[in-house]
Amino acid sequence: MGSDTPPPPAPSSRFPDTPPAPAAPPVPPARPARPAPTVPPVPPVPPARPAPPASDGVHRPRPRPRPDGGIVETTGPLPPPPPAPPAPSSPAAAPARPYVTLGRPETSGIPEGRPRRPHPLGERIRTRAAAAAACLVLGAGLLGGAVTGSWLTGGGADEDGARTAYSAAGDLWHSLPVDRLFPPTVDGEGAGPGGSDRTWTRIAVAPDTGCRDAFDPLLRKALAPVGCLRLLRATYTDATRSHVTTVGLLFTRADATAMAALRTRVEAQGLDRRPDLMPRPYAAKDTVAADFGDAQRASWTLSVLTDAPVVVYAVSGFADGRTVTDPQPAAKATASGATSAPAQAGLGHEAKGLADRVERRLRTAVASATEKPS
């Protein structure tokens, strides 16, 4: 064979012998060839897309022509696959500055198609802090208002309970049996002089009357501001039947404020220690107290309660009807070293001991009337 025409390539076991391809330019040296992988049939090529704008700066190689069989034989490395076309983007979109959000950004009032940016972090924190401070101030104001209202109206659970007990005490005169307030026998353990025991026996209960004849005129005048709703009285004698004592409960018409004012006045002016402001006894006929009149009064005590509309008092004297020229209040007659006739006879202890125990029974009755079932 003459000329410079190269000999045809050897037949391949995979492909039929075909005419030689046109001469190609020399191939530059390359890395050792890898075995060509089996190339699957190429699907039909879809219609070409419109060329992207030249301004996107992306180089796209032209598709290489393929032979009729759709199979290309190569002895060199496969070309890298073309890069995927970039996703279309909004022409106005631009890389946003990094930011941190604490919640979904506000989007109200932003026209459609414009980028929506959240409020700056500092502004959102300041806004939330201001809202929290406003809630705190509002809550404190509501709480303070409730407390102030309770204070101005005397509200609160304790005050409501006190009013209930006060009202209950004022109703006891008609709802409680007389034996609950003035029992037939009263135990006076440690009530006598030197801590000796006393026992008093009821000899008479006064009828339900007013207050006109129950007090000296000046004492009745001093008690007038609180009014007289009802007066309950009973007369007792000691175990020797030588002393007699009348104990009384004056139920007033006043509220707690008026009772507190009366108590302050009585204590400040010593109205419970003046012999011209004494309670009068109940001298029941046909009893050992039949001769127990004003002249036989030897000692007395008077207490204005503030947790109940009640004035508790007691007055004592001799059962034999003797006259007492120098009566003494129980506080003075029970003092250590007292030498007056009422003190020596223990009549101060009689009045104070019996009044204290009747007052205790009154408080017990009030507690029972206001006790809530468990």
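Yeah, the Cβs are placed from backbone N, Cα and C, and that goes for glycine too.
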With the ranges 145-170, 171-196, 327-352 to choose from, which does TrEMBL describe as region 'Disordered'?
327-352
Other than its close neighbours in sequence, what residues sit by the compositional bias 'Low complexity' (328-346), given a CB gap under 8 Å and a spacing of at least six beyond its ends?
192-193, 243, 272-273, 298-301, 314, 316, 318, 352, 355
